[in-house]
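S.K.: This is the structure I have questions about; it appears just below.
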Amino acid sequence: MSSRISLSRFLIEEQRLHGALPPDLRLLIETVARACKAIAHSVNKGALAGVLGDAGTGNVQGEAQKKLDVIANDILLEANEWGGNLGAMASEEMELPHSIPEHMPRGRYLLMFDPLDGSSNIDVNISVGTIFSVLEAPEGNTQPTEADFLQAGSHQVAAGYAVYGPQNMLVLTFGHGVYGFTLDRELGSWVLTHRNMTVPATTGEFAINMSNQRHWEAPVQRYVGELLAGKEGPLGKDYNMRWVASMVAEVHRIITRGGIFMYPKDARDPAKPGKLRLMYEGNPMAFIIEQAGGLATDGHRRIMDIVPQGLHERVAVFLGSKEEVARVTGYHQG
Ligand code: P6P
């Protein structure tokens, strides 16, 4: 019987066999994974734990917070304060970075997270998730400022997401491929179930919120029009469409069976390059998708080449199967 490989064993073997994982980064990942287990527990209990519905508060994005947004954020903050491997954390839910308390040990890493992505789906029982990204503070600075977070996504040393769905899964990369773990709820452990996850290079499936069509830029209008034209159109094949309104669920589907996910710039707010957040959604998902052989651009350039100007910077996102992402990027540059 093939022995089950736990997350801890996988991380130690990565560290020992491939030297791919410094011990303090391994400990950080284990801490985040443990926090995601606690979040999964609350999400899975739902109404039984009285955690559905609105918190009655708003976040820095001006969005109404769900109770579980706040719960998930608090779980991640508390879990990561004592480990000694972080200088600071930044959350999509909070305006400023969260410093490690003075009496706690500090380290060289910076952790960013979207504690509960897609939380508008919580009350209707559709998959949601946690997204996280890890950077190293410049010169290992253990008293980092907001400016220390403003590094291009190509500087990430690790990224991952947990998807809370029919299965609870954790998907990780450290720059040496993408690995998936499924939560064994009886044992409460993440078990390696998907080695070297790879995005199929071609696809017949696209994901976009069609209700925004009239607000898209011309290249997107043209590209989506050609997808919808199907076999009779210039692309010569029929496409299917999906939209879950939960980026984690979309990315997980795409990394599993291919696809292209798009959240384009919207003419309703010309000042904003897009809806999604570069640091908490764009960069970690771009790292994972690229490590799985896909592409991730803002329509013009590689998402991971963008140098952020602020913690909550937005970005247009086109990511997934490289044939389709290259095509839509070509339309922007044509
Ligand atoms: P819309 C969730 O709020 C999110 O940030 C992503 O997870 C998701 O892909 C997108 O926004 C959904 O946006 O405008 O379709 O509700």
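First residue shown is number 1, and so on along the chain.
Cβ coordinates come from backbone N, Cα and C, glycine included.
Just so you know, TrEMBL annotations are computer predictions that nobody has curated.
Copied straight from TrEMBL:
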{"type": "BINDING", "residues": "GLU92, ASP114, LEU116", "note": "Mg(2+) 1 binding site"}
{"type": "BINDING", "residues": "ASP114, ASP117, GLU281", "note": "Mg(2+) 2 binding site"}
{"type": "BINDING", "residues": "ASP117, GLY118, SER119, SER120, ASN209, LYS275", "note": "substrate binding site"}
{"type": "DOMAIN", "residues": "6-194", "note": "domain 'Fructose-1-6-bisphosphatase class I N-terminal'"}
{"type": "DOMAIN", "residues": "200-332", "note": "domain 'Fructose-1-6-bisphosphatase class 1 C-terminal'"}
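Describe each of these features in terms of where it is and what it packs against.
M.R.: When secondary structure is read from DSSP and collapsed to three states, LEU116 (Mg(2+) 1 binding site) falls in the strand class. Within its own chain, LEU116 (Mg(2+) 1 binding site) has ILE39, VAL43, LYS66, LEU68, ASP69, ALA72, ASN73, ILE122, VAL128, GLY129, THR130 as residues 6 or more apart in sequence whose C-beta sits under 8 angstroms from its own.
Reduced to three states, the DSSP call for GLU281 (Mg(2+) 2 binding site) is helix.
The Cβ neighbour count for ASP117 (Mg(2+) 2 binding site), using a 10 Å radius over every protein chain in view, is 28.
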S.K.: Taking the Cα of GLU92 (Mg(2+) 1 binding site) as the centre, which of the binding-site residues listed as GLY118, SER119, SER120, ASN209, LYS275 lie within 10 Å of it?
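M.R.: Hits: none.
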S.K.: Rounded to a whole number, how many Å is the Cα of SER120 (substrate binding site) away from the Cα of ASP114 (Mg(2+) 1 binding site)?
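M.R.: Distance (Cα to Cα, whole Å): 13 Å.
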S.K.: Please report the distance from the Cα of GLU281 (Mg(2+) 2 binding site) to the Cα of ASP114 (Mg(2+) 1 binding site), rounded to the nearest angstrom.
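M.R.: Between the Cα atoms of GLU281 (Mg(2+) 2 binding site) and ASP114 (Mg(2+) 1 binding site), the distance comes to 7 Å.
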S.K.: Taking the center of the Cβ atoms of GLU92, ASP114, LEU116 at the recorded Mg(2+) 1 site, which other residues in this chain have a Cβ no more than 8 Å from that point?
M.R.: ASP69, ALA72, ASN73, SER91, GLU93, PHE113, PRO115, ASP117, SER119, THR130, ILE131, TYR280, GLU281
S.K.: Quiz question: given the binding-site residues SER119, SER120, ASN209, which has the greatest number of C-beta atoms lying within 10 angstroms of its own C-beta?
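M.R.: Counting every other Cβ within 10 Å of each candidate, the maximum falls on SER119.
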S.K.: Can you tell me which of GLU92, LEU116, GLY118, our binding-site residues, come within under 6 Å of ligand 1 at the Cβ?
M.R.: GLY118
